[in-house]
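What follows is a set of notes on a single structure, which appears directly below.
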């Protein structure tokens, strides 16, 4: 049976009736859960090693640009020859592209001869244009002159070179089909130029296949799942100014404003929050409809730069945006209906928020304290994102192993070479996938750890205030926030590491099961597959529930860790007993306050998403070098970062309410149902004798 905690957390009456002044929430403390702190430190050593591998092996340019026939990344100024500004991948031989699109042919597009260009070539209306190989050997042209000549030096070729070119073996290849820049790849349009084709035939060139198979082959390669994933990751790298402004600075500003408004206009804030939330979620949904092309004519396009309006090419990104638009419509409807349902409860939320507003007014350092974990998380996320981009682009550029007949003229050896005709690709080993998963888990664990540390410090500060009866007392440190930080760093980091690990582990298991469920949904065609689907749906639902319970228990455990200095498991037990014993007292009051705070966090994160949409809609991110493939991932990342920042700052209110209520329950339990340390502040804020009686005595 758990005994009273008075000797640990406050003043308590002794056997002779006098009042003993125990050190408030700092008596008899010692280091807890040290083993998990060691595990956490070891894990971060592993994260450093893992990130170092990414920085050594990765090249974020690979996420955007393709490889040429020499294995160079287009746009790489360090390549041989230097390809600075030559960012577009162009397949020279149209027949190889055609061959790669045939169902029964073993030739792969990755082995087709490709070079890097500044712009996509187009056929001429009165002559035959050529695109020749990089100038080397007997071709005495600089790369700049080669570009100025539109990549054409056919007139300088020897008769032997001209003959091999007419056989589609280079070094020059005819421009028969128009092409357009699609995600830095020249997409053929299967509509040959009659004039160019006539010139080609008159010169005695071999037959060039005309079929829609060509552009379908390129389009299939561009829209493969791996290519789309790479583009999404590249979007993050290109939109880093948007992430800083909309994922960092804006939510910081909005969160501080929200806290100040709670401090001075607490009665109006629940109403403002609910109305603003509904406006923002409708706005974000409309932006998704706009970019999906269902409203207006501003749908995302894979084509970069100017093109003929009759050319229409779509990508997976557009389908993803439409799927998210449908999902957001459902979320919007549920959110609006839920907001209407809680309108009658908002007055209760106002009375609860008054508690936190009074505490913030007395312990004013709480408003600026979240700037410390915010700064730490900002540095952490910048380093993490940089390492993530390098990890996703890591791997070795190796020549493919193929038996295809793809001979080409070699300007160095001055002959047609068929020995090294296979193209290059990036070779990914299984350990790279493991490294990426490890890196993702590290991000989630690190985020949960820093949020938990912030929550624990806030809880310790508010508990100091409560157990001094809300008065300015010599027993309350002059700066309670920094005293709480000192206790955390000295005694409780291991407990916080354990709590954040539990949440991260459960979330990871849920993610794995969700991935398996999706694969079963796509791959299973057997009649009895519904059993597996039901199993995975049920397990996912259960894990979501468990995750929510664990997060709730963890939050209360951090409060008891701050108050008592106990280990994580012991603090969780104490918190759970207090909640279960007082569930009828605190349930309704606490839940509605949490709902309003959750809506407040969503308001900040949705505002980040709206401004991210607006920034990404500028010319900088819609064309040329910095064009992003889709606003989807940058907006979602800004949304997530905004929510994390809001969580750090809103924890001041959230943890203040929970700490006051748990302290009140503990106080009541130790003193036969009458709270001795409840400050006048608490009574004033609630200002409802009936509610106070219900909280103190419970249901009759």
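Just so it is clear, glycine is given a Cβ too, placed from its N, Cα and C backbone atoms.
Curation plays no part in TrEMBL annotations; they are all automatic predictions.
Summarising the annotation, TrEMBL assigns transmembrane segment to 34-55 (among others).
Among the features that TrEMBL reports, transmembrane segment is placed at 240-262 (among others). Counting only same-chain residues 6+ beyond the ends of the transmembrane segment (240-262), those with a CB under 8 A from a CB of the stretch are 268-269, 272, 353, 356-357, 360, 367, 370, 374, 378, 385, 600, 603-605, 607-609, 611-612, 615-616, 621, 634, 637-638, 640-642, 645-646, 648-650, 652-653.
The transmembrane segment feature in TrEMBL is assigned to 268-290 (among others).
Here the transmembrane segment (323-343) has Cβ contacts under 8 Å with residues 274, 277-278, 281-282, 284-285, 288-289, 292, 294, 592, 595, 599, 632 of the same chain, all six or more residues outside its ends. The transmembrane segment annotation in TrEMBL covers 323-343 (among others).
Within the chain carrying the transmembrane segment (363-384), a Cβ under 8 angstroms from the stretch's Cβ atoms is held by residues 51, 248, 252, 255-256, 259-260, 263, 439, 442-443, 446-447, 450-451, 453-454, 457-458, 461-462, 464-465, 479-482, 641, 644-645, 648-649, 651-652, 656, all 6 or more beyond its ends. The transmembrane segment annotation in TrEMBL covers 363-384 (among others).
Marked as transmembrane segment by TrEMBL: 449-468 (among others).
The annotation transmembrane segment is assigned in TrEMBL to 488-513 (among others).
Here TrEMBL flags 591-616 (among others) as transmembrane segment.
According to TrEMBL, the transmembrane segment annotation covers 628-653 (among others).
Between the transmembrane segment (628-653) and the stretches 268-290, 449-468, 591-616, the greatest number of Cβ pairs separated by less than 8 Å involves 591-616. Counting residues 6+ beyond its ends, the transmembrane segment (268-290) has Cβ neighbours under 8 Å at 258, 261-262, 296, 298, 321, 324-325, 328-329, 331-332, 335-336, 339, 342-343, 346, 349-350, 353, 596, 599-600, 602-603, 606-607, 609-610, 613 in the same chain.
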